[in-house]
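Reading through the structure tokens given below for one structure.
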């Protein structure tokens, strides 16, 4: 069915497949690549094992790189898929950071567009009891954390101009920078600098529209993507939307790296799915980190109370972190006038990214 859709007239091939997988009753998922059972167009990809010491991997909450599995896709040079390389329990740290710490000021989130600053200073504190008591009814009022759609870090993305600027920047989280640097080095990109992050918060009715990540001034460095919580379908297309994309599953802990030719390809997330194990949460989130974390580890233990809130949130949600290097070494932003650095952002509906992407028109960065 999915293959037949790509041959129909009218809409471009990417939009047709996006709409197919967006349907909640789309049960034909046979065409979706599953990296837990690779085959067909999937092949093993080599990593730079010597670029990351086992100690640094442990400090980032990762297994030694020699134990990772990495895959590529035929027709997508520069694309690397790493199924969950995290040490047991260490995903919990990143989930907690994305819900409790990273949304704090001075970082920017979608709620800032609708609410007074004092109302968005402690989303965790305002939401944790409501989340902890939350039942299964979809009619219950949503907490502020459940209304969170995106958070930007480092150089803050301007959703209206689709640009970054020197005058809208806050310190990038050091733990996330360290994680990103180790993953990039393992994929052959030593010296990667984590300068901007966009965190997306999805629920079962959410999607990420068709787009290209081209606003960074340096495209020679990779785009890193980390997923936690429920699963999703990810579509990776070509340089034009007329090219039919490849669909693949992303599960909790999975990492994607888009570099080289694949760095500027169209991509999207049409659908969030319950984790395939059939349990409320994936088993990789069921245990806490080891009690003897290495010296200098960026991983922090979560209290039982904090994890209860995170676990409740993740029962119907997925979190994705995309990390970028915006500027090449020694590069500066071009001089701009008449911008305030903040701009506008997508509206706060469940398909907000989709509406943004429809307006997206590629521009050439030189």
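The backbone N, Cα and C atoms fix where each Cβ goes, glycine too.
Since this is a predicted model, take the numbers as computed values, not measurements.
Annotation comment: TrEMBL describes 190-327 as domain 'Fe2OG dioxygenase'.
According to TrEMBL, the feature Fe cation binding site maps to 211, 213, 267.
Per TrEMBL, the feature region 'Disordered' maps to 330-366.
The annotation compositional bias 'Basic residues' is assigned in TrEMBL to 357-366.
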Secondary structure composition of the domain 'Fe2OG dioxygenase' (190-327) [DSSP: H/G/I, E/B, coil]: 19 helix, 49 strand, 70 coil
CB-centroid shell, 8 A cutoff, Fe cation site 211, 213, 267, site residues removed: 210, 212, 265, 266, 268
Listed binding-site residues (211, 213, 267), ranked by Cβ neighbours within 10 Å, top entry: 267
Averaged pLDDT, computed only over the residues in the domain 'Fe2OG dioxygenase' (190-327): 94
